[in-house]
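This report refers to the structure that appears directly beneath it.
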């Protein structure tokens, strides 16, 4: 037995043998040497290239600008504004004569040119490109007419929400973030969406008495499709991080309906339903689609009618200016013949003092008393909106009057870009909440929008200029100096003694007049 046991070969595990026919070969495992431990490399900081130059200075001779800049101690002459704000001016004693030239206005903005060209391609027409501006016409419906209009507003919003729910169900944008191209073709086509929503549309028309016009419901479907398109293009071009289009809130403050031009007849719209309609202006010569808006706070019905402004020639002066927006003065304007200071911040605080006191009181009541009735909450929120609206109306009045004054006196305006978003952010702890509120009330971004629109209307070029190094640079010699909180710029090299904001406005003008400067 012992000999038999000796002759038995031990079993080899399957992992350690390779079968090749009848023979077996043992697999040899060789231990590899561990790799030499190399010292870890420190992460190299990537240097981000910036386009910002080290200096923005350009000599006055190269741009053909005079060295004149007034001293801080000067007497301003007041300009009549017919409003609550102050507008002061100081003229150059050695004023040079200004040349005049003829210019055809209004100038059509490039965005509207693109839209009109696309419309001509789609409709296969050769309509001339025109300058379009909206006209406000207020209407005064009776109580019975108001009831009909309110049902129409509700049905328009309901149809809009139904179409957006239908489009979202097609899953155009997937969870991964990619876009389903096949689904976009179906969704972006208004006719295919109308066919899919036909049953809902017919039920809505039959439910109303008097019945709503089918074209008004179709406009709601078209508006939903166009809004979805714009949101999709913004997502593709990375203007927005997340694709999200939400339905309308049925109890929102502002409600709209879109009415076609064919419905405006006999001084009214939809004459079978509204045979007579009182309005602030006659409802005639309407050849484009109109939007009717209702504001629940003001309880006003307003028609926004697009109008074509005809072209005409105007005598313009060859006079350019630089504008520095700031916190001491709303605007500081510099040109070769004069300097202007528009609306000191103290006047803004005094005019909006009562409104903000009431706003703070209402906010305290809402915070300290959370268990309020729904009616009480609605009243308080309505009061908040009322006082905020008063402040915005005051700013709106100032914006339009100031922009009209500037556009009529200058043919080129270079305005500094003020990044208000970063200033008002919570991360910025340098500025106090009171200063942030002042900046928010002045709303510089809205002013630049209104100024550019008025510039196109009256033939004035508006250039947005980056404010980098405009306050620190001497406009006469180009030396850079850190001012801190001082209001006066005193140059040590050339001896220039001027106001801080006026020096910045002159630098903004010089940067905007550079022939190689491009808007960013």
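Heads up, the Cβ atoms here are built off N, Cα and C, so glycines get one too.
Under 8 Å, Cβ to Cβ, and six or more positions away along its own chain, residue 491 (Zn(2+) binding site) finds 474, 476, 477, 479, 481, 497. If you look up Swiss-Prot, you'll see 474, 477, 491, 494 marked as Zn(2+) binding site, on the strength of similarity to another entry.
Annotation source Swiss-Prot lists compositional bias 'Basic residues' at 21-47.
The region 'Disordered' annotation in Swiss-Prot covers 21-52.
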Sort out for me which one of 474, 477, 494 has the most neighbouring CB atoms within 10 A, since those are the binding-site residues we care about.
474
Quick check: with 474, 477, 491, 494 left out, which same-chain residues have Cβ atoms within 8 Å of the centroid of the Zn(2+) site Cβ atoms?
475, 476, 478, 479, 492, 493, 495, 496
